[in-house]
Amino acid sequence: MGTVQTHSSTSYITDSAAAATAYATGFKTYDSAIAVDTYEQPLGTVLEAAKARGMVTGMIVTCRVTHATPASFAAHVVDRDSEDDIAAQYVSNKNLDFLLGGGKKHFNDSMLDELNSSGYTVANNYQDLLDYQSANADTGALRLFGLFKDSHMTYEVDRLRELAANDTTAREPSLPEMVDIVLGLLRKNEQAKKHGYFIMIEGSRVDHAGHSNDPGTMAKEAIAFDETVAVVLNHVEQSPNTAMLSAADHGTGGLTLGRSGMEYPYVWYPTQLQLQNMSTEVMQERLDVILASDECAVGANETCKATLLQSAKTMLANYTNVTSVTDEEVAKLTTEIATAVDETRDLYFVLVELGHVISAPAWIDWTTVGHVGTDVNLYCKGPLLFERMCKGVHENVYLNKLITSFLGLEHQQELETLKHRNITVLENPLAF
C-alpha cells in the first residue's frame, strides 16, 4: 500500500477532472480540464493507448458516464461541463467496448441509433444486463452501453430501500453487479485473452455523499465499492498477469471520526449510520416538492417554513438514527429553510444541515462541503514487482506511469497524443 498526492497544476486542492486527467494521461493540468494539458491541447490517455493496441476497453461508474472522472479517460474537452460533447466523442470515437453508468440524458436519439447501428447493445436496467450476459455467455462478447438513469445512478442506500419495497430485476444494477457481469464475460472474451484489457471502475457517489456531508449514505457507497473490490480481487486471482490498482482521485468533505465533545474520550458510533436508509438527496427532493407547491409560492411565508421544518424532522425520525432534534439543530434548520424560502429557492444547505444532524449521534464531523487536499491511499494487487512499485508516497501522475508500464503502453500513449494534435507519426520504426 502507498499514498498519493492529489494537487492539480493550479490548486493544492484538485477537482475531479484534473485528478482523473493525471491518472489517465500522466500529466497535471488545470481544474476542469478533461484530458487536455495546461495549454488546452489534447493528451493521449491510457484507455486510448490500450484500444490502439487491440485491448478490450471499458468503464463502469455510478455517476453520469460523461462526468469528469470517466470523461478524462476517453474524451478531450477544455471544460468538464461540456457533457453533451463528451457523449458525442464516446459515440464517434468508439474507443469503448463497454460503458456502464448513468447520464442517459446526454445521449440523444441519433447517438443511440449510431450505437445500435455500430453493433452495440444499449441496456436500460439490470434485467437487460442479465439478458446480455446470457446471450453472450459462450463468447464473452462485449459491445455494450448501459445507461441506467438520466443523471447519476441512485445512491446505494436508496436503491436498497427501493429494492426492499419492490424486488425486481427491472431496476438499476449495483456497482458490484455491473462489474461481476463484465468480468465474467471478459474471462470468455477471445480478444481479451489475446490482447488483454483495461477497465476503469469508479464508486463515483462516495464523493457526492461527501459533498452533501451525508454520513450513512457515504458509508453505504463505500461498502458497495468494497464489495466491488472483492469481486475484482477474485477475478485477479483467477487471471494470471492481471493487476488491480485502487485509489481515490481526492478526498471530499473532510470527514472526522470521533468529534470533540466537552469530555474525553474521543469516540464514534458507526452503528448509528446503519439506521439511515434514505439519503439526504432524496430528502431534499421531497422538500423540493413542498417548496414548489402553491403553499410556498410566495416568499416570507411562515406556514411554508413550518411545513418544511416539520417534514424534515419527520424524515429524520422515519429514515435515520435521529430520535430527537436539539434546539440548536432546529435553529440551524430554521435559518437555512428561511434563506431558501425567502431568498435562494434552493434547499441545498438544508440538505447539508440534515447531514450534520444525522452525523451528531454517530459523533462524526465534517470540515467542508468541497474537496480536501489530503493524500489518498493506494492499493495494488498483482505480480509482486507491480505491488512493490505501489509502495511509498507518489504524485498522482505516477499512477499513469505504473499502469502504462505494466501494460507496455508508454510509447503508445505518447503516439495517441501526437495523433490528437494531427502530427504525422510512424507507428513502426524505419528499417535501414
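Cβ atoms here come from the backbone N, Cα and C positions, even for glycine.
Where the annotation comes from TrEMBL, it is an automatic prediction and has not been curated.
Quick look at what TrEMBL lists:
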type: ACT_SITE; residues: SER16; note: active site, phosphoserine intermediate
type: BINDING; residues: HIS67, THR69, GLU202; note: Mg(2+) binding site
type: BINDING; residues: ASP207, HIS211, ASP249, HIS250, HIS371; note: Zn(2+) binding site
Want to know which binding-site residues, from HIS67, THR69, GLU202, ASP249, HIS250, HIS371, are within 10 Å of SER16 (active site, phosphoserine intermediate) at Cα; which are they?
HIS67, THR69, ASP249, HIS250, HIS371
Can you tell me the CA-to-CA distance separating GLU202 (Mg(2+) binding site) and HIS211 (Zn(2+) binding site), as a whole number of Å?
17
Around the Zn(2+) site recorded as ASP207, HIS211, ASP249, HIS250, HIS371, what other same-chain residues have a C-beta within 8 angstroms of the site's C-beta center?
ASP15, SER16, ALA19, GLY210, ALA248, GLY251, THR252
From the Cα of THR69 (Mg(2+) binding site) across to the Cα of ASP249 (Zn(2+) binding site), what is the distance in angstrom?
8
Hey, of the binding-site residues listed (HIS67, HIS211, HIS371), which one tops the CB count within 10 A?
HIS67
Rounded Cα distance, in Å, between ASP207 (Zn(2+) binding site) and HIS67 (Mg(2+) binding site) is 12
When a 10 Å sphere is centred on the Cβ of ASP207 (Zn(2+) binding site), how many other Cβ atoms does it contain?
24
Determine, to the nearest whole angstrom, how far the Cα atom of THR69 (Mg(2+) binding site) is from the Cα atom of HIS371 (Zn(2+) binding site).
14
Around the recorded Mg(2+) site, report the further residues of that chain (criterion: Cβ within 8 Å of the mean position of the Cβ atoms of HIS67, THR69, GLU202; site residues excluded), sequence-ordered.
SER16, ALA20, VAL61, CYS63, ALA68, PRO70, ALA71, SER204
